[in-house]
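Per Swiss-Prot, the feature site 'Part of a proton relay during catalysis' maps to THR56, TYR117; the stated evidence is sequence analysis. Marked as pyruvate binding site by Swiss-Prot on the basis of sequence analysis: THR57, ILE211. According to Swiss-Prot, the active site, proton donor/acceptor annotation covers TYR143. The active site, schiff-base intermediate with substrate annotation in Swiss-Prot covers LYS171.
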Amino acid sequence: MSDGIMHLLDPAPFGRVLPAMITPMKPNGDVDFDMAQTVAKQLVADGADGLVVNGTTGESPTTHMDEKVELVKAVKEVVDVPVISGAGSNDTAHTVRMVEQTQEAGADAVLVVCPYYSRPSQQGIFCHYQAVNESADKPIIVYDVPGRTGVRIALDTYVHLAELDHVKAVKDATGDIAGAVRKRMETGLTWYSGDDALYLPFLSIGAVGIISVVAHAAAKPMRELAEAFDRGDIAKAQGLANRIAPVIEAMNGTGFQAVMAKAALKVRGIMECTTMRLPNIGPNDEQIEVVRDGLRASGLIPE
């Protein structure tokens with residue numbers, strides 16, 4: 001095995017391509033659990049081998065605990081892939097409650113974002129995850145997204161987090177490839193890209209997969225990209241990365257990603273209602289057309 005694909009020695013316990021799944025809403029704003037099951041099944045049919053529910057793309061700041069629990073149960077009923085539940089907050093006690101209840105509902109792991117807005121110290125970040133670890137009986141995926149949280153998890157903090165029993169993986173949305181190399185090598189944690197545009201670069205430094213918004217539109221070529229990389233067919237992987245670049249640009253460039261993910265499902269004919277809870281607003285006609293053009297340019301829908 002060449003050095004370029006040594007990352008295969010790392011397990012991918014939660015899958016390779018994991019859509020950060022939207023939460024379908026009815027026109028009145030209620031969660032549409034039946035449609036959630038439809039979307040989950042479609043994403044798995046597309047090539048996803050894991051799903052993340054109740055994340056930011058799933059409008060988690062506006063959904064309530066009972067809805068989060070029911071969403072985990074609904075999705076678990078219809079798919080045979082790992083289902084990870086977002087359980088993050090800037091309130092440690094609330095995070096612990098979410099972890100406990102979504103685990104009880106059947107989540108295979110929890111995705112816990114670094115506490116946001118309050119900008120805690122590195123010691124505070126560690127203590128937050130330590131408290132979550134003490135209440136967890138399933139794996140914890142650390143979510144590092146400084147563009148949203150206002151704080152970056154330091155290398156030394158990662159080293160200490162890796163010593164916690166249930167911390168097993170990282171969703172890295174820092175955009176810092178060089179930093180990810182050191183963090184991954186010095187912690188031994190399983191690494192996932194949290195940035196669609198950096199999917200292939202993250203694979204090249206040892207990530208096992210991606211937690212993705214664009215997988216609502218492109219799970220199949222994203223899975224093929226990972227498989228090509230595994231075979232050492234870098235030219236094929238590069239070609240696939242280039243192919244999906246237009247839809248990545250479309251879904252990243254003109255609106256909140258959850259909005260654009262719902263637009264993509266509408267364009268694909270999977271889901272008609274794109275209602276969102278305030279303060280987010282569903283996609284407008286222009287955003288839908290931008291996504292449609294991106295899907296066409298990537299060869300994901302007919303011209």
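Using the three backbone atoms N, Cα and C, a Cβ is placed for every residue, glycine included.
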Cβ neighbour count within 10 Å, max among the recorded positions THR56, THR57, goes to THR57
If you tally other C-beta atoms within 10 angstroms for each of the recorded positions TYR117, TYR143, the top scorer is TYR143
ILE211 (pyruvate binding site), Cβ-centred 10 Å count of other Cβ atoms over all protein chains shown, is 29
CB neighbours within 10 A of LYS171 (active site, schiff-base intermediate with substrate), counting all protein chains shown, number 26
Argmin Cα dist to TYR143 (active site, proton donor/acceptor) over the recorded positions THR56, THR57, TYR117, LYS171, ILE211 returns LYS171
